[in-house]
């Protein structure tokens, strides 16, 4: 059913008309206990959503809609292994990758292989063609085969393993790979080629360049076996590349790319932080899985985040959502969320193949604090756009230095308060500001936000954080009645690029293309 046909949806739309004129200043003034009422605690995490433009009635109506949309039923279908990714006929089982002792036998066996491989690198058992230890690992992948491990390796850089440096290559632009190769020693470098099908254009182009670079020094094709491993399901193509079957780590079609950090795609991360830390990452995610499955709606963190996003997007009219981590270690978390949220839910066709005719995923963007304050926060405060935000902060610093962390936290809390409450003309006037400047000093406020406090940034809490947002994305897909686990929107551009590449490299008939594309190709060829 289209969401807008639901009585629960219509009740929310009517309620929004009553809520929209209210200011967060008024909501806090009428309820001094608002923080206690609109905050959730779980396993060291604190979610403060009191600065959202909601009331008790709002949350009750949102939860009623979640019941109508059958979030609980769809969650059960996912856990039971039903093919809820119906357009591809696939189950969605990424949670089983981090299920620990309860994981399927095939998952436990795959993880044991990954652990043994990681330990062979860290212990110096695995060596390059020259007999030297591996000192550098390069992950070659793109999208879900890059964003998750890259983000997490930076987030957990305080736990970087000694004597191993892990690098990431994604873009087909030679400016990505060429400078890195120039800095590395082919005798001590290992490449991980991450591509489920082993046909991804960007990944295979970079992998071939890396292979040529290695062979220019090694001379013998046999060296590939000591310097390349693959994460793929296509043994035929990995073998053609020169990678032995024993050096291929499998994963399954029920693992979507943007949910794959828990699989062999996380191999580069495990090499960066060590296997015990990787297990703690999985443990944190597993704990969040249990919370999501077992906790009632009114205390459920992922569902609450999803409902607030739905409210802001579909009933208050927001078209974007900002992720603002006040942690430089989480600098890449907004980029990771861009794929997780927008590739999952950026769709206009429902599960029945019919147009939705409502907004779905907001545009996700952001920057680490305090950097963003000196670039785009001006727009937040006085730009006239409704921009809901998620602030993420750590109670304890990754790298404690006197004076740094208190200032960072103060800025985080100050920005969330300033966005919520603003500054009135009367307050500006009372501060003695010249009358002519008063309009420029007014801050409208009423910008909704969440603040998520983590005790620290360690593998366990990062696992919690990633699983929290994975489950938020799942809930939103159900609430919008769409399939969050396919991504047909990425296909057309790839098909056209395949047609255009030979035309740019050589000559060919351009008549099938539009005048803009023809003109640009002609200009590129000089």
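Every residue, even glycine, has its Cβ placed from backbone N, Cα and C.
Taking the Cβ of residue 343 (active site, proton donor) as centre and 10 Å as the limit, one finds 22 other Cβ atoms among all the protein chains shown. According to its DSSP assignment, residue 343 (active site, proton donor) is helical. Marked as active site, proton donor by Swiss-Prot: 343.
Residues or ranges marked as active site in Swiss-Prot: 374 (among others). Residue 374 (active site) has a Cβ environment of 9 other Cβ atoms inside 10 Å.
Residue 494 (active site) falls within a helical segment according to DSSP. Annotation source Swiss-Prot lists active site at 494 (among others), citing sequence analysis.
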Review point. Does residue 494 (active site) have same-chain partners at least 6 apart in sequence with Cβ under 8 Å from its own Cβ, and which are they?
Key: 201
Practice item. Pop the Cα-Cα gap between residue 374 (active site) and residue 343 (active site, proton donor) into the table, whole Å please. Key: 29
**Study point:** DSSP-derived class (H/G/I helix, E/B strand, else coil) of residue 374 (active site)
**Key:** helix
